[in-house]
Amino acid sequence: CLIPSLLGECMQCNGEDYRGEVSRTESGLECQRWDVQEPHMHGFILKHYPGKDLKMNYCRNPDGELRPWCFTTNPNKRWEYCNIPRCGESDFLRSLHRVAH
C-alpha cells in the first residue's frame, strides 16, 4: 500500500506503516515490549527489523499480518491484534493540513 502513514492516529491498508502509540490489544491486554523476551520469546529482534519501528510496547505489523498486533504481557495469551482505526479521507486531508502548517 503506497499511502503514507498519517501521524500515527489511524492506519492505512494492513497497518504495516502504522507508527502510533497504541499499546493495548483489542481485548485490553497490555502489550509486551518488543525488546523483551518475557513472558513470550519471539524472533522479532530490533536489529533484524530496522524499518519496522519496533519501539517500546507499541502495536506494530512487522510481518504483514491483517493489521497491527503485539505480544501480550499475559503468559496465557501469546499475541493479539490491536484495535487501530482505519484512516478515512477526512483523516488524510487533516494530516496533510497539519504537515503543510
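Cβ from N, Cα, C; glycine included.
Among the candidates C1, C70, C82, the disulfide partner that TrEMBL records for C31 is C70.
Each of C59, C87 is a candidate, yet TrEMBL gives the disulfide link of C82 to C59. Among C10, C13, the one TrEMBL lists as the disulfide partner of C87 is C10. Most other Cβ atoms within 10 A: among the disulfide-bonded residues C10, C59, that distinction falls to C59. Within 10 Å of C70 (disulfide bond), as judged by C-alpha distances, the disulfide-bonded residues found are C59, C82; the full candidate list was C10, C59, C82, C87.
Cβ neighbour count within 10 Å across all protein chains ranks C70 highest among the disulfide-bonded residues C31, C70, C82, C87.
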